[in-house]
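Q: Here it is: the structure, laid out below.
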């Protein structure tokens, strides 16, 4: 894994004294060494950081317990920062693309095995269905449909719903290359959803729009009179640069454009951490706390030797960690924000919160009982917070 992430690893320091031992002779833990390395990098002390990385690589493993695994990937993120290889690694690791027509992508596996992600999608679906009760025609615009797993659940629910829609239409937006991809491309996903809807007896239509998010205009989205319009943002908005990256501020620009469409509902599902504007050392702590909790939670879901777990961690989580730690400026695209910041952005764009009703909350609480009791759930400021232990990982919210 070390070679896969960083082919040209920094050479070991020529110092004869290991950085894993403090002056008093007491050994430092991997966690202490990680924070010492991050501190050294924040102070531009490259030699010390490289020496610590050499020691850490002897102590951690991507096949160990959660603390060892998170440490292994953090080490590679720090090493990539030194040699400025983060952007190349981020592009090389494939998270969203399935390896074959009949296999799930690593990201889709993550959404399936981690209850926080799965329940985040479920909360968004519940909000959509509640908001559109009594509507005959529903149009959902999704700016990152991924492999369509959220809508598989939605269509299956509609099959058993007595108040069935006359017609469901989904518009998926993705970059032009992804739309045409023969395996896992947007058009292929649309065809799968069409087949599922037919089997479920749900009148359905799908349209793929090939465009970068910053270039999307209302005319491309084909909104029609007589349809209830819903816009879904699931794990997508944080990829758009905001005012801290560019004066164009594509993040807020897209929200204002969506507000102009006058949707009945907008659903937002995002990670809850500040990897956007936080300075490097603070960002490192955010990454450590967030991904430590996430790695812990995966151990409660899948066995240590599970190929799916290792694939998710290597292809998805390691990819994100390297991007957050090793990249800056426009190259850093994994720019999470905390729930309060998203509330402020939505309010500035003209949206008001639409709290989840008691039926949704009761349903999610009931489902969560089937998982490990360390998974947590709470409502705050109208949003639903899903986490592990004391750490919130995912927040779902709805807006009008």
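Each Cβ is built from the backbone N, Cα and C atoms, and glycine gets one as well.
Any TrEMBL annotation is an automated prediction that lacks curation.
So TrEMBL lists these for the protein:
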REGION    28-88  region 'Leucine repeat I (LRI)'
REGION    107-172  region 'VHIID'
REGION    188-220  region 'Leucine repeat II (LRII)'
REGION    326-400  region 'SAW'
MOTIF     138-142  motif 'VHIID'
Q: Test the contact criterion for the region 'Leucine repeat I (LRI)' (28-88) and the region 'Leucine repeat II (LRII)' (188-220): 3 or more CB pairs under 8 Å, pairs 6 or more apart in sequence, then answer yes or no.
A: no
Q: Take the motif 'VHIID' (138-142) and find every residue of the same chain, 6 or more past its ends, with a Cβ under 8 Å from one of its Cβ atoms.
A: 128, 132, 150-151, 165, 167-173, 221, 223-224, 227-232, 234, 258, 261, 263
Q: Could you count the residues of the region 'Leucine repeat I (LRI)' (28-88) that DSSP puts in helix, in strand and in coil?
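A: Looking at the region 'Leucine repeat I (LRI)' (28-88) with DSSP, the answer is 45 helix, 0 strand, 16 coil.
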Q: Could you tell me what the rest of the chain brings near the region 'Leucine repeat II (LRII)' (188-220), counting residues at least six beyond its ends with Cβ under 8 Å?
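A: Sequence-distant neighbours of the region 'Leucine repeat II (LRII)' (188-220): 143, 145, 147-148, 151-152, 155-156, 158-159, 164-176, 178-182, 236, 239-240, 248, 250, 253-254, 257, 260-261.
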Q: What is the three-state DSSP composition of the region 'Leucine repeat II (LRII)' (188-220), stated as helix, strand and coil residue counts?
A: 19 helix, 7 strand, 7 coil
